[in-house]
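Below you'll find the structure, written out as structure tokens, and then a few comments.
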Amino acid sequence: QVAAASGHTVVLVDQSDEILKKSTKGIEESLKRVTKKKFADKPEAGAEFIKKTLKNLTTSTDAASVVHSTDLVIEAIVENLEVKNQLFKSLDKFAPEHTIFASNTSSLQITEMANATTRQDRFGGLHFFNPVPMMKLVEVIKTPMTSQKTFESLVDFSKAVGKSPVSCKDTPGFIVNRLLVPYMMEAVRLFERGDASKEDIDVAMKLGAGYPMGPFELLDYVGLDTSKYIIDGWHSLEPNNPLFAPSPLLNKLVEEKKLGKKTGEGFYKYK
């Protein structure tokens, strides 16, 4: 949506036409919300903007057949290194030499994905934040093999889609999650020790640190399974780092399928 709205030609690829129809409808709804604000007093201009944006967007279920005419591939599939590597390996065969590959992963190593291809110098990370149309930040990740030219292209692309890029090396969690995930885990440990209630911890961080959500609200929003997956991955990379130690309470909730907002219950209950 964000790339198409900024004048880029985009092909959205997914596993089935059904998913793609749903995605296109979602993008259309999202664009309507954007135009309501952006073109409040000019409904004609708003309608034109939506039409123009959707014109830039086509869909496909066959990544290999569309990749031959692209300059940039951004992968945003399931957070599973093996699956991502398979995708990159197959696309590497069909993509032109100049095409840059990027992953939107929030917790996996970009270097390991780059190594699944023959274009390590044309591979980097582009980590967008949810919800992408609203959030201004993009983390541009440079591996030891990413060329300066590739890095600059990724920064330029981020600016071209109206975002504010920051740069980071290929370190676990990059900047935001590297600070945010241990903070959320520390909140869970504080609660596990019985030092404060989760409600009071949430209020304290909202009113004392100015955060829009408390750590437990944020964990429920992100998904407890996702948070556990990230911390488990980092723990296996650095088993002696106390910041990455697993949490018995988090593990228990995930085991009980209480994964947060999406299942109706996590640290809190949702209707």
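Placement of Cβ uses the backbone N, Cα and C atoms for every residue, glycine included.
The model shown is predicted, which means the values in this text are computed figures rather than measured ones.
Here TrEMBL flags Ser30, Lys37, Ser106 as CoA binding site. Residues or ranges marked as domain '3-hydroxyacyl-CoA dehydrogenase NAD binding' in TrEMBL: 1-171. Residues annotated as domain '3-hydroxyacyl-CoA dehydrogenase C-terminal' in TrEMBL: 173-270. Annotated site 'Important for catalytic activity' per TrEMBL: His127, in sequence order.
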I'd like the number of other C-beta atoms within 10 A of the C-beta of Ser106 (CoA binding site), please. 21
Give, as a single whole number between 0 and 100, the mean pLDDT over the domain '3-hydroxyacyl-CoA dehydrogenase C-terminal' (173-270). 96
Tell me, how many other CB atoms lie within 10 A of the CB of Ser30 (CoA binding site), whichever protein chain they belong to? 17
Among Lys37, His127, the one of these recorded positions whose Cβ has the fewest neighbouring Cβ atoms within 10 Å: Lys37
Of the binding-site residues Ser30, Lys37, Ser106, which one sits closest to His127 (site 'Important for catalytic activity') when you measure Cα to Cα? Ser106
Residues in the domain '3-hydroxyacyl-CoA dehydrogenase C-terminal' (173-270) grouped by DSSP into helix, strand and remaining coil: 65 helix, 3 strand, 30 coil
Taking only the residues the record lists as binding CoA, namely Ser30, Lys37, Ser106, what is the largest Cα to Cα distance between any two of them, in Å to the nearest whole number? 30
